[in-house]
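Visitor: Just passing along the structure, written as structure tokens.
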Amino acid sequence: MKNISILGATGSVGTQALEVIGSNPDLYKVLALTAQSNTDLLIEQALKFNPVLVVITDESKYAKVKAALSGTGIKVLAGEEALCEAAALDEVHLVLTALVGSVGLRPTIEAINAGKDIALANKETLVVAGDLITRLAKEKGVKIVPVDSEHSAIFQCLVGENNHTVEKIYLTASGGPFRGKDHSFLMGVTKAEALKHPNWVMGAKITIDSASLMNKGLEVIEAKWLFGLEADQIDVIVHPQSIVHSLVQFNDGSMKAQMGLPDMKLPIHYALAYPDRISSNFKRFNFIDYPELNFYQADSKTFRNLDLAYTALRKGGNMPCIINAANEVVVGAFLQDRIGFLQMSDVIEACMDNIGFIESPSLNNYLETDQYTRILADQLVTK
Ligand code: NDP
Ligand code: MG
């Protein structure tokens with residue numbers, strides 16, 4: 001029996017993880033669930049899975065959750081600090097980090113310090129402080145198993161291989177709803193159009209990131225830290241059908257790909273079960289439904305975020321932290337109709353040019369960089 005803590009239980013990844021867990025009650029037990037503000041769903045999940053601890057980070061919602069769970073024996077806590085408690089809870093074996101944004105950084109560090117293995121969906125944490133997180137995980141003997149479908153694919157391709165035989169990897173990108181569109185088209189796109197992803201149903205932030213190719217940029221940085229690669233070893237290829245989830249090319253020229261229908265439950269299921277592979281009744285791929293699989297070069301001239309992410313990766317230090325914080329602000333602003341689609345990259349680039357560069361940041365440097373960048377990005381959006 002694996003005991004699991006789910007940070008971000010009410011989100012797209014969190015709810016799908018609970019579906020997987022609910023279908024395998026002999027394998028998994030949920031010990032902690034957290035949400036930001038969706039009290040109704042959090043309460044429903046708590047009553048169904050009966051965890052030891054429930055955390056609601058929006059403190060104004062504490063009383064409602066506490067009242068609904070009174071008499072159940074479930075402990076209820078509120079506030080961001082409580083995420084760390086959920087992450088480091090005694091008897092938890094695995095923490096699924098399914099929070100969105102750099103808010104995941106501190107609880108992930110707490111979980112690793114407490115020796116918990118990590119099933120990592122919250123890519124922003126690795127983007128912000130990948131060196132620190134991977135160093136700490138190594139020191140504590142903690143496994144980080146990716147949930148992101150592309151990274152799960154690479155991870156699966158590498159089982160039984162030596163990492164030093166990897167020549168390069170190809171991360172596949174669907175291209176999002178605006179694949180093939182030009183600059184003038186993108187000038188006028190609305191959030192409703194950007195929120196319509198062709199292949200995946202996901203949370204709002206990652207859906208906008210997919211439309212702007214920032215998601216792939218963040219994934220390139222995520223891949224560097226997960227697999228110990230250099231920027232030149234990580235390539236992006238557009239694959240509209242999202243069937244080939246990513247590929248590894250080895251030093252003998254051989255390539256391995258991992259494939260499957262685009263369903264996040266698959267990589268979630270794999271990350272929870274790792275190192276085992278457990279049977280599932282998920283819908284199977286049928287070749288007849290996909291007579292063609294296509295691959296194209298990514299258009300990083302129109303979708304500038306991808307190049308900005310490579311620049312941040314090559315520069316290193318706190319630059320990926322800057323790009324992530326600026327991106328979180330502009331995506332929030334775009335979702336509030338405060339900024340246009342193309343202006344998001346302009347603000348991100350201005351933050352990269354103007355926030356102080358730190359070559360070897362400490363945790364405090366990262367937290368400050370995150371904070372300063374958010375302030376500058378917000379000012380630029382307001383302007
Ligand atoms: P969602 O927005 O659907 O869910 C986010 C979860 O985190 C919710 O439980 C939400 O609570 C909680 N949350 C949001 N903000 C905060 C905060 N400031 N403090 C504490 N909790 C917070 O996101 P997704 O599930 O789509 O994505 C989660 C992570 O997984 C992201 O990093 C994303 O990039 C990554 N990912 C997602 C994929 C997907 O298919 N969705 C695919 C690959 C990676 P509440 O519901 O109360 O707001
Ligand atoms: Mg992905």
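Yeah, the Cβs are placed from backbone N, Cα and C, and that goes for glycine too.
Automatic prediction, not curation, is the source of TrEMBL annotations.
Taken from TrEMBL, the feature domain '1-deoxy-D-xylulose 5-phosphate reductoisomerase N-terminal' applies to 4-130. Among the features that TrEMBL reports, NADPH binding site is placed at Thr10, Gly11, Ser12, Val13, Asn38, Asn122, Glu124, Gly203. Residues annotated as 1-deoxy-D-xylulose 5-phosphate binding site in TrEMBL: Lys123, Ser149, Glu150, Ser174, His197, Ser210, Asn215, Lys216, Glu219. Taken from TrEMBL, the feature domain '1-deoxy-D-xylulose 5-phosphate reductoisomerase C-terminal' covers 144-227. The Mn(2+) binding site feature in TrEMBL is assigned to Asp148, Glu150, Glu219. As annotated by TrEMBL, domain 'DXP reductoisomerase C-terminal' applies to 259-374.
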Visitor: Measure from the Cβ of Ser12 (NADPH binding site) and count the other Cβ atoms within 10 Å, all protein chains considered.
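Guide: Excluding its own Cβ, the number within 10 Å is 19.
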Visitor: Just the binding-site residues from Gly11, Ser12, Val13, Asn122 whose C-beta lies under 6 Å from any atom of ligand 2, please, or none if there are none.
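Guide: None, by Cβ distance under 6 Å.
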Visitor: Using a 6 Å cut-off on Cβ distance, which of the binding-site residues Val13, Glu150, Glu219 come close to any atom of ligand 1?
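Guide: By the Cβ criterion, which requires under 6 Å to ligand 1, the hits are Val13.
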Visitor: Quick one: among the binding-site residues Gly11, Gly203, which has the most Cβ atoms sitting within 10 Å of its own Cβ?
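Guide: Selected residue: Gly11.
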Visitor: So what's the average pLDDT for the domain '1-deoxy-D-xylulose 5-phosphate reductoisomerase C-terminal' (144-227)?
Guide: 96
Visitor: Please count the residues of the domain '1-deoxy-D-xylulose 5-phosphate reductoisomerase N-terminal' (4-130) that DSSP assigns to helix (H, G, I), strand (E, B) and coil.
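Guide: DSSP classes over the domain '1-deoxy-D-xylulose 5-phosphate reductoisomerase N-terminal' (4-130) add up to 59 helix, 28 strand, 40 coil.
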Visitor: Report the same-chain neighbours of Asn38 (NADPH binding site): residues 6+ apart in sequence with Cβ closer than 8 Å to its Cβ, ordered by sequence.
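Guide: The answer is Thr10.
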Visitor: Using an 8 Å cut-off from the Cβ centroid of Asp148, Glu150, Glu219, can you name the remaining same-chain residues around the Mn(2+) site, in sequence order?
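Guide: Here the nearby residues are Lys123, Pro146, Ser149, His151, Ser152, Leu171, Asn215, Lys216, Glu222, Ala223, Ser246.
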Visitor: Closest to His197 (1-deoxy-D-xylulose 5-phosphate binding site): which of the binding-site residues Gly11, Ser12, Asp148, going by Cα position?
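Guide: Comparing Cα positions, the candidate nearest His197 (1-deoxy-D-xylulose 5-phosphate binding site) turns out to be Ser12.
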Visitor: Cα within 10 Å of Asn122 (NADPH binding site): which of the binding-site residues Asp148, Glu150, Asn215, Glu219 qualify?
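Guide: Asp148, listed in sequence order.
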Visitor: Using DSSP, would you call His197 (1-deoxy-D-xylulose 5-phosphate binding site) helix, strand or coil?
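Guide: It is coil.
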